[in-house]
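Colleague: What TrEMBL shows for this protein is this:
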- ARG79, ARG123, ILE124, GLY125, THR126: phosphate binding site (BINDING)
- GLN202, ARG204: substrate binding site (BINDING)
- 39-249: domain 'Nucleoside phosphorylase' (DOMAIN)
Amino acid sequence: SGLVLVKNPHLDLMEEDVLYHLDLGTKTHNLPAMFGDIKFVCVGGSPRRMREFARFMRRELGLARPGEDVADICAGSDRYAMYRAGPVLSISHGMGIPSISIMLHELIKLLHHAKCRDVTIIRIGTSGGLGIEAGSVVITDTAVDSSFQPRFEQVVLGDVVVRSTELDRDLAEELLACSRDIPDFPTLIGHTMCTYDFYEGQGRLDGALCSFSSEKKLDYLRRAYDAGVRNIEMESTAFAALCGLCGLRGESCRSHLL
């Protein structure tokens, strides 16, 4: 049917579903009226970037009006920012798996309550590239963990639950085809490695702690490249797992910074 799925039987027993970190709820807001026609959701770490993206989309879609600006739908919360440009929703998710996981749980419930259909979700932003030209955009085919395995491990009540992290291959190919019209951004499809930390987890030598040598770092990065990894960040495995379980057509596109 194209509906966004939720896999939680307890939601049907709740008098109200409060999307606390988005400052929205099923009783306080008419979610189908507000969001029922959303077709695309773009998420990224920074609230400022997502505001600028929403402004860009309004211009591209011919929705910009003199003197008007995008409004933060989640202004009552200091956790995330959400903006709308026609059928496109632009939301910040912060940094790291815990932050994006909280946002995605509530976003997925929002799309479900709003009865949205055939929604595509794309994560945009920056990442660290591996063996690719600076400025390249990596479209993720599979998100992998720090052992280069396509899995997301979530501890639930003491049990380790393992979930798949493959993303929509057809969508990846569609995005790659679209990229051919934008010559300034080299684009490729590859694995994205997700870590739990920006410094030691990504092999950086400039953190407050560093328990490894530069030689060990280079050996690890070579093994990651040989395993198909082309960029490194901190959200992709959770993003891929949640999108896949809830019937969202999802993809991640991140540019490689110097």
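From the backbone N, Cα and C atoms, a Cβ is placed for every residue, glycine too.
Tell me what's around each of these sites.
Modeller: Cβ neighbour count for ARG123 (phosphate binding site): 26 (other Cβ atoms within 10 Å of its Cβ, all protein chains included).
Around the Cβ of GLN202 (substrate binding site), 20 further Cβ atoms fall within 10 Å across all displayed protein chains.
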Colleague: Once the chains shown are all counted, how many other Cβ atoms turn up within 10 Å of the Cβ of THR126 (phosphate binding site)?
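Modeller: Its Cβ shell of radius 10 Å holds 16 other Cβ atoms.
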Colleague: Quiz question: given the binding-site residues ARG79, ARG204, which has the greatest number of C-beta atoms lying within 10 angstroms of its own C-beta?
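Modeller: The largest 10 Å Cβ neighbour count belongs to ARG79.
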Colleague: Cα-Cα, whole number of Å: THR126 (phosphate binding site) versus GLN202 (substrate binding site)?
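Modeller: Checking the Cα atoms of THR126 (phosphate binding site) and GLN202 (substrate binding site) gives a distance of 14 Å.
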Colleague: How many Å lie between the Cα of GLY125 (phosphate binding site) and the Cα of GLN202 (substrate binding site)?
Modeller: 17
